[in-house]
Amino acid sequence: MKYVVIKCGGSVFERLPQSFYQTIVDLKNTGNYHPIIVHGGGPLISQLLDQAGVKSQFVNGLRVTTDEVLDVVEMALSGSMNKKIVRFLAKAGGKAVGISGVDGNLLTAVPADPSGKLGFVGKVANVQTSMLNLIANDDAIPVISPLAMDETGQRYNINADMAASAVAEALGAKLCFISDIPGIYEEIDGEKKVFHQLNEYDINQLIKEEVIFGGMIPKVESALSALNKNVPEVSIVNGMDPSAFLSFMQGKEVGTRILLEKEMPYAK
Ligand SMILES: Nc1ncnc2c1ncn2[C@@H]1O[C@H](COP(=O)(O)OP(=O)(O)O)[C@@H](O)[C@H]1O
Ligand SMILES: CC(=O)N[C@@H](CCC(=O)OP(=O)(O)O)C(=O)O
């Protein structure tokens with residue numbers, strides 16, 4: 001089966017039109033690609049933590065995660081967000097199965113930062129794809145929340161971009177990041193100039209220049225990791241543009257396509 005991994009950012013999730021879910025269900029029904037959704041939910045986690053009087057702290061776009069924070073992450077991602085997406089897909093006439101990375105040992109994690117400064121933030125060490133094949137073979141769309149555990153059962157909070165790229169790598173699937181921006185841009189004289197293509201060298205420059213910052217850092221790093229492994233194509237596209245994801249699937253230029261250094265001349 002040929003898969004496409006679609007990462008839905010928490011930044012844009014609440015604003016995605018129903019037509020977005022319809023496009024995903026239609027895509028599955030054509031039979032060319034089977035969609036897999038990996039979702040985030042950073043803003044909801046921050047909001048719930050805020051209500052509980054806990055301040056969110058990020059290091060290079062990754063949330064410092066205590067055991068107390070993990071309770072909220074699990075509730076927001078595997079509960080609220082995951083089931084909402086399942087319902088939206090059902091409304092579009094599709095069948096979806098929502099699972100977290102913990103279910104069926106889908107995602108095995110190791111600590112992302114061995115120094116311990118990030119707490120229970122994990123990076124994916126293994127993806128058990130049999131669970132995904134099982135769901136897809138039942139004609140259902142897997143919807144994955146980015147939690148994982150290690151072999152002792154310790155749970156970890158995984159950045160959703162990193163979880164999505166790990167899943168895409170394991171399946172050799174193309175990968176589309178749906179976010180709240182038209183692509184990666186640079187602001188020049190108050191105007192946002194979107195880069196249609198960026199290679200590894202450009203990205204490292206833009207991170208150094210702090211043009212790329214915050215949540216965009218794990219996104220581009222995940223994109224490059226994916227391309228360096230098994231993934232044929234990665235783009236970052238605008239969730240607010242109802243036709244953007246379809247354009248990505250049709251191979252049209254949309255958002256920002258990430259490329260390896262050897263693949264293109266530099267944009268910068
Ligand atoms: N150069 C850049 N171009 C576009 N967005 C950027 C850039 N650098 C940082 N960002 C930030 O990255 C955010 C998207 O990442 P993130 O907040 O993690 O979203 P998501 O929840 O969609 O994964 C944008 O809303 C923007 O604030
Ligand atoms: C370790 C880490 O940072 N985990 C993320 C998981 C959710 C996520 O990545 O959501 P977005 O895609 O909306 O950013 C977090 O706690 O916010």
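Keep in mind that glycine also has a Cβ here, set from the backbone N, Cα and C atoms.
Listed in TrEMBL:
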| type | residues | note |
| --- | --- | --- |
| BINDING | G41, G42, R63, N157 | substrate binding site |
| DOMAIN | 2-238 | domain 'Aspartate/glutamate/uridylate kinase' |
| SITE | K7 | site 'Transition state stabilizer' |
| SITE | K219 | site 'Transition state stabilizer' |
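Checking the recorded positions K7, G41, R63, N157 against ligand 1, not one has its Cβ under 6 Å from it. Under 8 Å, Cβ to Cβ, and six or more positions away along its own chain, K219 (site 'Transition state stabilizer') finds G61, D161, F177, S179, I236. Within 10 Å of the C-beta of K7 (site 'Transition state stabilizer') there are 29 other C-beta atoms, taking all protein chains into account. For the recorded site, G41 (substrate binding site), the DSSP three-state label reads coil.
Around the Cβ of G41 (substrate binding site), the same chain contributes G10, F13, A76, L77, S80, M81, S145, A160, each under 8 angstroms and 6 or more positions distant in sequence. Summed and averaged per residue, pLDDT over the domain 'Aspartate/glutamate/uridylate kinase' (2-238) gives 96.
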